[in-house]
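Now, the feature entries from TrEMBL:
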- GLY16, SER17, GLY18, LYS19, GLY20, THR21, ARG127, VAL136, TYR137, THR200: GTP binding site (BINDING)
- 36-65: region 'NMPbind' (REGION)
- SER37, ARG42, GLN63, LEU64, VAL65, GLY90, PHE91, PRO92, ARG93, GLN97, ARG160, ARG171: AMP binding site (BINDING)
- 126-163: region 'LID' (REGION)
- 127-162: domain 'Adenylate kinase active site lid' (DOMAIN)
Amino acid sequence: MVLQRIFRAVVMGPPGSGKGTVSSRITKTFGLKHLSSGDLLRANIESKTELGLLMKSCIDQGQLVPDDVISRLILSDLRKMGNSSWLLDGFPRTVSQAEALDGVYSVDTVINLDVPFQTIKERLTSRWTHLPSGRVYNTDFNPPKVAGVDDVTGEPLVQRDDDTPDTVTRRLKAYQTQTEPVLEYFRSKGILEVFSGTETNKIWPHVQTFLTRKLS
Ligand SMILES: Nc1nc2c(ncn2[C@@H]2O[C@H](COP(=O)(O)OP(=O)(O)O)[C@@H](O)[C@H]2O)c(=O)[nH]1
Ligand SMILES: Nc1ncnc2c1ncn2[C@@H]1O[C@H](COP(=O)(O)OP(=O)(O)O)[C@@H](O)[C@H]1O
């Protein structure tokens, strides 16, 4: 689909709710640029930037990185995108981040993936990630063609250091206390759209229909 105007969206949801999976379907279908805060932080860790090394312990402990750090990173990348349509994945995650975004851009819609915590816990321990692209696989849901190897590049897949059961529990707590209030923030602005379910393949057609209507 070719977009007729600039469209700016955010995808939210607890860790493991399918933000990355749904984002890649949205960007493929609607041609938006995709910016994932988690991918951005992991790229900094991988290339051993000073910031990446500072943030790694925070991420591995299941805590959010400081608002000013992530807001600066994301807003700087968005600036580089200029007048493009984009989809933000994993940002904002606190009300202060939402206010920082709001101060610069007007967001058209916020897609919230409402997936029960029990469903999520099972998924994350079997998630395999291709770090350079952010492509995600799952030993049950969407296994790679060859075990342990990215379908597109043939490079190795890794299990994220923060996808252990204890860290997932801490990330879910951080989500409840720090990120859930952001849903209220966007709801009060009238731009929150909630998609509930336990399977991405059942949620996705609703997201697709919603965006097709919104963009036509
Ligand atoms: N079993 C199952 N796994 C899923 C489903 N949707 C996504 N996944 C997997 O669950 C994990 C988390 O999904 P991801 O898109 O990375 O979620 P994010 O953390 O919100 O970005 C990945 O390993 C996905 O492949 C689903 O409907 N069922
Ligand atoms: N907007 C953000 N604010 C603060 N920390 C963030 C943000 N986005 C990502 N992070 C950090 O990176 C980690 C991984 O995030 P992400 O890749 O979005 O994974 P998931 O959605 O599976 O939790 C988070 O647990 C957190 O430590």
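Just so you know, glycine gets a Cβ as well, placed from its N, Cα and C.
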Q. According to DSSP, which of helix, strand or coil covers GLY20 (GTP binding site)?
A. helix
Q: Please list, in sequence order, those binding-site residues from GLY16, GLY18, GLY20, ARG127, ARG160 with the Cβ less than 6 Å from ligand 1.
A: GLY16, GLY18, GLY20, ARG127
**Q.** Max pairwise CA distance, angstrom, over record-listed GTP binders GLY16, SER17, GLY18, LYS19, GLY20, THR21, ARG127, VAL136, TYR137, THR200
**A.** 14
Q) Looking at the binding-site residues GLY18, GLY20, ARG127, which have a C-beta within less than 6 Å of some atom in ligand 2? A) none
(Q) Return the count of C-beta atoms lying within 10 angstroms of the C-beta of PHE91 (AMP binding site), excluding that atom itself. (A) 26
Q. When you measure from the Cβ of ARG93 (AMP binding site), how many other Cβ atoms are you left with inside 10 Å?
A. 20
**Q.** From binding-site residues GLY16, GLY18, GLY20, ARG127, TYR137, the one whose Cα lies nearest PHE91 (AMP binding site)
**A.** GLY20
Q. Roughly where does the region 'NMPbind' (36-65) sit in mean pLDDT, to the nearest integer?
A. 95
Q | Cβ neighbour count within 10 Å of VAL65 (AMP binding site) | A | 17
Q: Look up ARG127 (GTP binding site) in the DSSP assignment and reduce it to helix, strand or coil.
A: strand
